[in-house]
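Worksheet for the structure shown next.
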Amino acid sequence: MSTPLQGIKVLDFTGVQSGPSCTQMLAWFGADVIKIERPGVGDVTRHQLRDIPDIDALYFTMLNSNKRSIELNTKTAEGKEVMEKLIREADILVENFHPGAIDHMGFTWEHIQEINPRLIFGSIKGFDECSPYVNVKAYENVAQAAGGAASTTGFWDGPPLVSAAALGDSNTGMHLLIGLLAALLHREKTGRGQRVTMSMQDAVLNLCRVKLRDQQRLDKLGYLEEYPQYPNGTFGDAVPRGGNAGGGGQPGWILKCKGWETDPNAYIYFTIQEQNWENTCKAIGKPDWITDPAYSTAHARQPHIFDIFAEIEKYTVTIDKHEAVAYLTQFDIPCAPVLSMKEISLDPSLRQSGSVVEVEQPLRGKYLTVGCPMKFSAFTPDIKAAPLLGEHTAAVLQELGYSDDEIAAMKQNHAI
């Protein structure tokens, strides 16, 4: 089966989550991704949050499937020579080291262009080069704080909150992936590679665009009618935290379901659509609300939206969350159960679709990983296990033309 990126070679100089999530997707699309790791150590996530002693952690295995791993010491002359040969044959190089790290290895963008003018150089940093925070070390929650997510997440009477979703890390990797694929297409037209940079702050901000929309509306109006603070609360000069509100034109909230007293996830998310208000009233046994002026329009409902949700919750709290969703769906009401990670890991539909995949790695054995979220009609990504540290060092060096004796000498000289 042919794959979209078959024949594309990627040098993966990334670690932790933002870079590996990008290069893993390239590997799923068929690229030959060579993960370059420090001899004897490897990606730091191999050792972080281990569940089995002395075995690659799930943190690593779930972000590095389908790749090849080589151990290479680029501080040695032999290591630099290998690196130059790899660059000469590669299509893409991706890195997410601290600013200047690749330059200090002797591989500036200018030098890389001299070696291989067709190479596409992908780079992830916490902040853009023109940012006052350019030298700040960035991780997931740092990016969420600086990108506008934290200030707009949480409840109005509490502190800013960070999201459990990897808005700063994996999201940045997905944004860079888009840029790299665009650069590959551009190379088909120009014959030359280019540098693609992605800041974690920018990636978070791109997902917070509706909050930038709301800031401009707030500046003009002094209020935001879809937020729970309207009309009885107060608005400051910045977009407030809205709790579980929908954030768009459709009010929504988390509602209790049967068993909530002991099950922390016995809830559903319920959305009220203006165009579906009549069905909503019928579903919750409030047909009089359809024509009642206090409820018949979104503008009329907003002042007592929490009273409305409390009334709806009187129904949802009597039934299981899955039963609630099944019932409400008959009335075309947008809703979903709050699914725990335990439920997601056991969901047969996610296994069937390939969204959750079981793979097997030597030493670790079988484990679950997230599969490719995109579903293609012409091919299905074959999700394979993450590589062991240095598993493919000899094979990659042989492909570059090194003999067994030369490889043995490099090992003795601590170049690999």
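A Cβ is built for glycine as well, from the same backbone N, Cα and C atoms used for every other residue.
Quick look at what Swiss-Prot lists:
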ACT_SITE  ASP169  active site, nucleophile
BINDING   17-18, ARG38, 72-75, 96-98, HIS104, 137-140, 273-275  CoA binding site
BINDING   GLY248, GLY249, GLN250  substrate binding site
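Feature map: annotations from Swiss-Prot on the structure.
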{"residue": "GLN17", "record": "CoA binding site", "Cβ contacts under 8 Å, 6 or more apart": "THR45, LEU63, GLU140, ALA166, ASP169, SER170, GLY173"}
{"residue": "LEU72", "record": "CoA binding site", "Cβ contacts under 8 Å, 6 or more apart": "ILE36, GLU37, PRO39, GLY79, VAL82, MET83, THR393, ALA415, ILE416"}
{"residue": "LYS75", "record": "CoA binding site", "Cβ contacts under 8 Å, 6 or more apart": "MET105"}
{"residue": "HIS98", "record": "CoA binding site", "Cβ contacts under 8 Å, 6 or more apart": "LYS137"}
{"residue": "ALA138", "record": "CoA binding site", "Cβ contacts under 8 Å, 6 or more apart": "LYS125, GLY126, PHE127, ALA146, GLY168, MET200, GLN201"}
{"residue": "GLY248", "record": "substrate binding site", "Cβ contacts under 8 Å, 6 or more apart": "VAL210, GLU226"}
{"residue": "GLY249", "record": "substrate binding site", "Cβ contacts under 8 Å, 6 or more apart": "GLU226, GLU274, ALA298"}
{"residue": "GLN250", "record": "substrate binding site", "Cβ contacts under 8 Å, 6 or more apart": "THR271, ILE272, GLN273, GLU274, PRO334"}
ASP169 (active site, nucleophile) CB neighbourhood, other CB atoms within 10 A: 26
GLN273 (CoA binding site) CB neighbourhood, other CB atoms within 10 A: 17
